[in-house]
Amino acid sequence: MSIEATITTPHARAVIDLQAVAHNTALFAAHTKAAVMAVVKADGFGHGARQVATAALASGAGWLGVTTCAEALHLRLGGITAPILSWMHHPEEDFSAALLAEVDLSVSSSAHLRSIARNAATLRVTANVHLKVDTGLRRNGARPAEWQELVREARDLERAGHVRVRGVWSHLISGTDPAGGQVRSQIALFDEAVDLARDAGLRPELRHLANSVATLAAPDTHYELVRPGIGLYGVEPHPERAFGLRGAMTLRARLILVKRVPAGCGVSYEHDYVTSRDSTLALVPLGYADGLPWAAARRGEVWIAGRRFPVAGQIAMDQFVVDLGDAPARMGDEVVVFGPGAEGEPTVTEWARWARTVPHEIVTGVGPRVSRHYVHATTQQPGELSRA
Ligand SMILES: *Cc1c(COP(=O)(O)O)cnc(C)c1O
C-alpha cells in the first residue's frame, strides 16, 4: 500500500450531507423576505466552509458570514465570488488582501474604521463596511455612547471615498428566547442606532440582527438580511419548537477491537465503569482529540447495528469503549456516534446535552484526524458506510 493510501485511510469519518445543508438554507429563505447570509465561520461549523458555502449559495443564500479575514480569503481562494462579511479584526491588522478580494468588513470602533480607511486609501479602493452597534451582548460592537461619533466619522470617510457604509448591524443576546423582552429592547436600541446613522447622512442598505432562532421565530428582527449559522447544519435552535431542519453531519467509525469480558470488570481509565454481567466490549477509535467530549462519558450512547449502546467508562484522547452486552459484533462493524436522528441514532443535540455543552461545540470540535466526506444525496442511511 502506498504512503498516500495509508495516510488517507480513515479510522473515522464525518459524512457531510450537502443536500441537508441545501434543504436547511431553503427553509431559512422560506421563513423570511430578507436576504440570507449563510454563516460559515470556524470552517463551516466544522463541516467544511467552502463546501457548505457552495451548497448554501445554490439554495437561497446570497451572502456568507465569517469571523476573520483569513476565513474570507480561504473562500475566495476556493473560487467563491459571493459577497462575504468578516466581523472580527484587530484594529491594526493589514486589511489589504481582504479589500482587494472585495470582502466586506465589520467595524466596531473608530480605531478599526480609521485603519480600514487608511488601507483602502493606499490601495485606491473603497472599503465596504458594516458598522456594528452593541445593543446589549457586550462583546463586539460600538457602545451606544460611541455610536454618534463613529457614524459621523464614517460619513466623512464615505464622502472622501475611502469607505462605503453598506450595513448597520448587531447581534442578539439570547440564542434561545427570540420573543423575549430582551430582544424587544435590542430591537429598540438597534432602530435608534440606525436612525442616528441616517441622521448623520449615511444610507446603509442592509440592516441585520437575526441569528438562526430569530430567523425562524422573530420576524421583526429580519430587516434586510438574516444570519443563520447553527440551523444550516441541522441543529434545531429553538428550545421548544422543531422547524424541520435536517442534521448535516454523521460521525461514523468502525469497531477496531471486540472482546468478551466477565461481570465485575472495570473498563477504561480509573475503572469508572464496571460490567454488571458477562459482556462484549467494543473499541471505537475516536476520542476527545477528535471532538468527543470527555464530559459525556457517563451518559453518552452510540448506534451499532440499529441499536443504542452505552459508552463504557472514560472517553480517552483517541478511543472509547462501548458495552454491547450480549449483542453480536465483529471487528470492522460500523458505529454511528451521531447523525440526523432519523433512524434513532444519537444526534449532535443529545451529545451536547450529555456533555453539558452547546451543539455548536460538538460540531466545531470534530478534529482534523476525522476525514470529511461529502454526499449530495439523501439516499445513504446512517447505518451504512461505503467501503470506498
Ligand atoms: C455565529 C454567529 C451567527 C450565527 O448564529 P447562530 O445562532 O449559529 O445561528 C450570526 N451572527 C454572528 C455575529 C455570529 O457570530
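The backbone N, Cα and C atoms fix where each Cβ goes, glycine too.
Predicted automatically and left uncurated, TrEMBL annotations should be read as such.
Per TrEMBL, the feature active site, proton acceptor maps to K41, Y269. Among the features that TrEMBL reports, N6-(pyridoxal phosphate)lysine is placed at K41. Residues or ranges marked as substrate binding site by TrEMBL: R139, M317. The domain 'Alanine racemase C-terminal' annotation in TrEMBL covers 248-375.
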Would you pick out, from the recorded positions K41, M317, the residue whose Cβ has the largest number of other Cβ atoms within 10 Å?
K41
C-alpha spacing of Y269 (active site, proton acceptor) relative to R139 (substrate binding site), in angstrom:
39
Provide the three-state DSSP residue tally for the domain 'Alanine racemase C-terminal' (248-375): helix first, then strand, then coil.
23 helix, 45 strand, 60 coil
In Å, rounded, how far does the Cα of M317 (substrate binding site) sit from the Cα of Y269 (active site, proton acceptor)?
11
Cα distance (Å, whole number) from K41 (active site, proton acceptor) to Y269 (active site, proton acceptor):
35
Averaged over the domain 'Alanine racemase C-terminal' (248-375), what pLDDT does the prediction give?
97
